[in-house]
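Take a look at the following structure, please.
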Amino acid sequence: MFSFNMFEPHLGRGFQNRFSAQYRCYSVSMLPGPNDRSDVDKGGKIIMPPSALDQLSRLNITYPMLFKLTNKNSDRMTHCGVLEFVADEGICYLPHWMMQNLLLEEGGLVQVESVNLMVATYSKFQPQSPDFLDITNPKAVLENALRNFACLTTGDVIAISYNEKVYELRVMETKPDKAVSIIECDMNVDFDAPLGYKEPERHMPHPEEPTEEETDPSNYDVDLGFRAFTGSGNRLDGKKKGIEPSPAPLDPSDIKRGIPNYEFKVGKITFIRNSRQQPRKFDMDDMATNFIAFSGEGQSLRKKGRKP
């Protein structure tokens, strides 16, 4: 007899290393149990049922386990890792941002398939809000947040949490492929301008310099400065006669007024040198030539007189 299924064993060996299943997906907030699993929303991994682990252990798949999620109704897909195998049978739990990317509602069907992805070397992100610029070191914050992710897909909008605030970033580009694995990799990270960000306007200075208005010198404030002995005194006998202050009249020549700099320009600082004459320095050569030793005249204490 002839067997018409002679190629069936070869087809089976071709697909034996591939995992494929369909589950109803729910957000992590629907996960039963007293424990708070909000940490799952901060990463890119899902929770699958124990039967998936049993099936994966029978297959000769590569580690780490990476999966492709597809919503056939909207033709949207993304990639993720697995965190635990504790979900109910026929159900898987996804981060909220991942359900938004796949346009899935609570209880929607999602196709889960095992895949092998290349290791990432470069990725570019675009923050979805200018508030991301308030972070002092965004690269360090993103690097710490990506530790909870297993892979990245171009076009996804991921969510990271920092200082009790959620920031959304769109994956603009990944290399060497549109979907890459970021587990134990050396990846260069770049940022695009945030969505809705506007460059601050730069006010250019007016080319024309402002003209100085001529002012009347009589309007200047006279700085009297310190004047000695202009106060009043008190008498010991208590009388007030002759103690009224009589300041000396101020001579107009004593008023010193600053000389304006008519060559002043905005943004230019001019250091005015001291205009006083420097004391004359004695030349040692002149002193040496003019000096003559013992050229003075002496005086005698005894007066010269005639002897008797």
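Here the Cβ of each residue, glycine as well, is placed from N, Cα and C on the backbone.
Just so you know, TrEMBL annotations are computer predictions that nobody has curated.
Okay, these came from TrEMBL:
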type: DOMAIN; residues: 19-117; note: domain 'Ubiquitin fusion degradation protein UFD1 N-terminal subdomain 1'
type: DOMAIN; residues: 120-194; note: domain 'Ubiquitin fusion degradation protein UFD1 N-terminal subdomain 2'
type: REGION; residues: 196-219; note: region 'Disordered'
type: COMPBIAS; residues: 198-209; note: compositional bias 'Basic and acidic residues'
type: REGION; residues: 231-256; note: region 'Disordered'
When secondary structure is assigned with DSSP, how many helix, strand and coil residues does the domain 'Ubiquitin fusion degradation protein UFD1 N-terminal subdomain 2' (120-194) contain?
16 helix, 33 strand, 26 coil
When the domain 'Ubiquitin fusion degradation protein UFD1 N-terminal subdomain 1' (19-117) is classified with DSSP, how many of its residues are helical, how many are strand and how many are coil?
23 helix, 38 strand, 38 coil
